[in-house]
Amino acid sequence: MSLLRTNNLTKKFGGLTAVSKFAMDIKEMEIVGLIGPNGAGKTTVFNMLTGVYKPTKGSIFFDGRDITGIKSHEVTKLGIARTFQNIRLFKELSVLDNVLVANHLRLKSNILFSVLRTPNYIRQEKHMYEKSMELLKEVGLDDVKDEMASSLPYGKQRRLEIARALATDPKILLLDEPAAGMNPQESFELMEFIHDIRDKFDLTIFMIEHHMQVVMGVCEKIYVLDHGVTIAEGTPKEIQNDEKVIEAYLGVD
Amino acid sequence: MKDKRKILTIISLILFVILLFIMNRTFDSYEIRILNLCGIYVVLGLSLNLINGFTGLFSLGHAGFMAIGAYTSAIFTMSPELKQMNYYLKPIIPIFKNIQLPFLPSLLIAGLMAGLIGFLIAAPVLRLKDDYLAIATLGFSEIIRVVFTNTQSLTNGALGLKGLPKYTNVWWSWGMAIGTVIFMVLLIKGSYGRALMAIREDEIAAEAMGIDLFRHKIISFTIGSFLAGVGGALLAHLLGTIDPLMFRFLLTFNILLIVVLGGIGSITGTVISAVVVTVLMEFLRVLDGTMDLGFIRISGIPGMRMVVFSALLMFVILFYQRGIMGTKEFTWDWILNRKKKYTQIKG
Ligand SMILES: Nc1ncnc2c1ncn2[C@@H]1O[C@H](COP(=O)(O)OP(=O)(O)O)[C@@H](O)[C@H]1O
Ligand SMILES: [Mg+2]
């Protein structure tokens with residue numbers, strides 16, 4: 001079944017068309033890649049999907065609903081979570097608090113009940129804590145839960161961002177260059193990890209990657225952007241042998 | 001372990017109340033006034049810290065909300081005779097003429113009124129960020145002052161209100177201070193507190209985590225305004241006299257000073273610094289007056305203490321950029337763990 005679909009999605013910044021007529025269709029439980037050289041418009045696609053940017057034209061359908069132009073926090077509530085290309089953790093908060101705060105959107109107590117610590121609130125807080133600790137264990141950060149997020153090394157920050165996104169209970173996870181700054185070995189492990197969490201949390205994954213090779217092993221389908229235009233889509237095999245793709249990448253890598 | 005901390009908190013609270021009782025008995029009226037001011041500045045500092053420190057909204061409108069609280073409470077507590085005496089140039093609006101309420105409901109209405117106005121201006125003002133927000137809230141505060149100077153039949157204008165009942169005693173001021181501290185701890189340590197701090201840290205990431213920025217900013221701003229109104233009312237009934245000039249930017253600046261010195265985003269820091277700043281301000285008062293050092297007489301320069309104070313602030317900002325506490329909080333672990341370490345070394 002189709003989970004996330006776009007139609008004619010276009011974004012212009014003044015005279016620059018960052019993304020042009022982007023059409024995609026992601027099915028439940030798929031792992032899909034979005035690749036392309038720097039400045040191709042990949043992050044802009046994510047920003048439109050998550051409500052950070054309003055599309056200039058086109059529409060986005062999620063789970064059968066038209067979600068074009070709705071606010072970022074509402075998108076997350078519907079079940080689209082994301083990470084950022086240049087990590088955006090809550091730096092001064094602890095590792096645990098970073099994950100806890102991502103549970104807030106599902107809280108069913110108003111501020112008064114929260115301050116009064118009603119039994120219902122305490123139950124939810126306990127549940128949040130247990131869920132967050134489980135997620136931290138999942139990404140191997142449970143032992144540093146009390147450290148400040150900014151004190152973690154780069155790789156761990158990336159994993160914390162994934163744990164935080166998972167805490168919002170998403171149906172689909174958007175990862176913006178999760179392997180950026182990692183060596184080939186680390187990238188490979190990360191892809192394996194992403195594959196695992198897909199199975200464990202019944203997730204759909206849509207991931208941006210700058211290097212084509214990294215996603216070849218893990219993605220079932222790949223879209224290739226160049227200068228905002230979709231120059232190819234298909235299985236990794238099809239993409240690898242596509243002349244336009246090779247051409248677009250030749251000048252870069 | 002958790003229960004141990006709870007017991008420690010309750011014991012220290014009881015000890016503090018006993019201490020207040022003793023101070024209330026032994027202090028002279030001047031010292032009691034400073035004690036009261038300390039409590040009021042704890043309330044005011046925490047309310048500004050909620051908005052600026054925890055939520056990261058650079059607001060400079062505090063004096064305005066205090067004015068609303070002070071005047072509201074004054075109007076509701078004055079007796080009809082007192083109103084007649086105060087409003088001699090132009091009588092007060094008829095509906096308020098014969099109203100007189102006890103202190104607690106007046107204090108509550110004062111807070112609600114400030115909170116309501118805070119809520120109403122939040123919607124347009126909180127669309128702005130950083131310096132723009134600061135300018136807009138500062139402007140709001142000045143507008144309130146100008147409005148209060150000109151609404152003669154409501155506020156008695158520039159003449160101010162005199163002879164207000166001096167309800168504020170140690171129990172009111174410190175009762176509110178303790179209440180505010182408890183409220184803030186419960187708020188900040190809970191899910192809403194984390195959401196506010198997430199907004200402070202990174203708005204885009206916070207929104208991506210499903211936090212409704214606008215709603216949470218309004219919540220924080222409204223609560224902060226409410227508490228500022230309560231603080232303003234307490235101040236009015238401590239001093240017994242209010243006029244629009246009292247609520248100039250300087251008042252907001254003093255509270256900002258407390259927040260910055262204590263640590264932006266620390267409840268502990270604000271409490272410590274509210275007390276230290278208030279007491280120090282009184283000690284430094286000697287600088288404004290004539291000083292006789294025996295061999296030399298220095299004639300006082302009015303405003304000298306503000307100079308010294310500002311220099312102190314600059315010193316702190318330069319050397320401890322994050323205030324006394326940064327964003328840290330006091331927890332019992334500080335004491336419990338230190339003791340544990342000590343016994344470990346001994347054992
Ligand atoms: N907010 C913005 N304002 C103006 N131009 C932008 C903005 N965001 C992205 N762009 C431009 O859009 C193009 C695509 O950027 P981006 O989506 O970040 O590329 P990628 O993620 O593929 O590297 C770039 O030329 C970039 O400069
Ligand atoms: Mg990008």
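Glycine is no exception: its Cβ is also placed from the backbone N, Cα and C atoms.
Features as listed in TrEMBL:
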TRANSMEM  B:6-22  transmembrane segment
TRANSMEM  B:34-51  transmembrane segment
TRANSMEM  B:57-78  transmembrane segment
TRANSMEM  B:99-126  transmembrane segment
TRANSMEM  B:132-148  transmembrane segment
TRANSMEM  B:169-188  transmembrane segment
TRANSMEM  B:218-239  transmembrane segment
TRANSMEM  B:251-281  transmembrane segment
TRANSMEM  B:301-320  transmembrane segment
Residue numbers, six or more beyond the limits of the transmembrane segment (B:251-281), whose CB comes under 8 Å of its CB atoms: 34, 37-38, 41-42, 44-46, 48-49, 52-54, 60-63, 66, 138, 141, 177, 181, 184-185, 188, 197, 200, 305, 309, 313, 316-317, 322-330
Range from B:34-51, B:99-126, B:218-239 with most C-beta pairs under 8 A to the transmembrane segment (B:169-188): B:34-51
Top partner of the transmembrane segment (B:99-126) among B:34-51, B:57-78, B:132-148, B:218-239, B:301-320 - counted as Cβ pairs under 8 Å: B:218-239
Stretch with greatest number of CB pairs under 8 Å, the transmembrane segment (B:34-51) reference, B:6-22, B:57-78, B:132-148, B:218-239, B:301-320 candidates: B:218-239
The transmembrane segment (B:301-320) touching the transmembrane segment (B:57-78) per 3+ Cβ pairs under 8 Å rule: no
